[in-house]
Structure formats: structure tokens, C-alpha cells
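Annotated dCTP binding site per Swiss-Prot: 97, 98, 99, 100, 101, 102, 113, 155, 162, in sequence order, evidence recorded as sequence analysis. As annotated by Swiss-Prot, active site, proton donor/acceptor applies to 123, with the evidence given as sequence analysis.
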């Protein structure tokens, strides 16, 4: 079941879903808009090969600021301004707001698991031309879905509680 605006307001009022900071204008008909945060990670251009065990920080440049330019075909990691906390019976789909998609930006399919909490780090692919984005701009849209029953294994992974743009944390198997 997708949560509509009335449901979302109720869940937020009860503290079952937490979005902080939250402004009422970001609650939409069937979801909540999230804003661009103050940090971005750019992939460094390098011939170095990433392999298991290497520190991923050597492959990124992290910038802090109030505005960022996403260059043509660039792949960046962007953090949301908001901290999100979901209960064990709600998950969310992350979508790019259509105005940014119409500029050619792209966000791959992304899910926020039931039980997750933290700022969201989202992959963004650049357009055919540079696009400037500003901190605080409504950029993403979260659509919340309630599961029929609480999940048996809520999210407790390595990205739980993340703050700021978060680089990959995994090992190849």
C-alpha cells in the first residue's frame, strides 16, 4: 500500500516515520520531496584499478558547498539534507523529481529498506550539458509503501545511521 499525504502526515505526527528537517511544503500527494544536501562526491579520473581491499576514498573527491555543477555524463554521489528514519513496516522508493529528469539527469532505481535510518546518499548521472544544483533544492521524491506485516529482518547494514555523503563499503565475493 502506497502512503498518501494524509497517511504520511499521520505517520510523521506519530513519529513512526522521521524526516528531519521537514517542511510542510515537501509533503506531496503521494510522497515527500527531499532536498540537496551540502556535500557531493565526484569520481576521480584515474587509470588506477579498484579492487577488493583498496580504500575507496582514493577514487573520489568530496566537496562541501551550497551549489554544485554536475558535468556532462559525470557520475556523482549526492547526499540529502534530510535524515530519514523508517519503521519496520515501511520502505521507500527514491525517484528524481521530473523537472531534473527533463534536464537529462538520471538516478538509478533506489530503495530505502524498512528499518533504515540516516541521510540518503544517491547516485546521480549527468546530462548532456552541465546542470547547477543548489543546496536546499527539492531534488528527490520518496514514495513510501507499507508492507503487509513488519519485516523479519529490518535494515541494520553498514550504511545504517550514515551522515554526509557515504562512499561504498563492501567487499567483492
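Even glycines carry a Cβ here, placed using N, Cα and C.
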Nearest-integer angstrom distance between the alpha carbons (Cα) of residue 162 (dCTP binding site) and residue 123 (active site, proton donor/acceptor): 15
The residue listed as 'active site, proton donor/acceptor' and residue 97 (dCTP binding site), Cα-Cα, nearest whole angstrom: 14
C-alpha spacing of the residue listed as 'active site, proton donor/acceptor' relative to residue 99 (dCTP binding site), in angstrom: 17
Mapped DSSP class for residue 99 (dCTP binding site), helix or strand or coil: helix
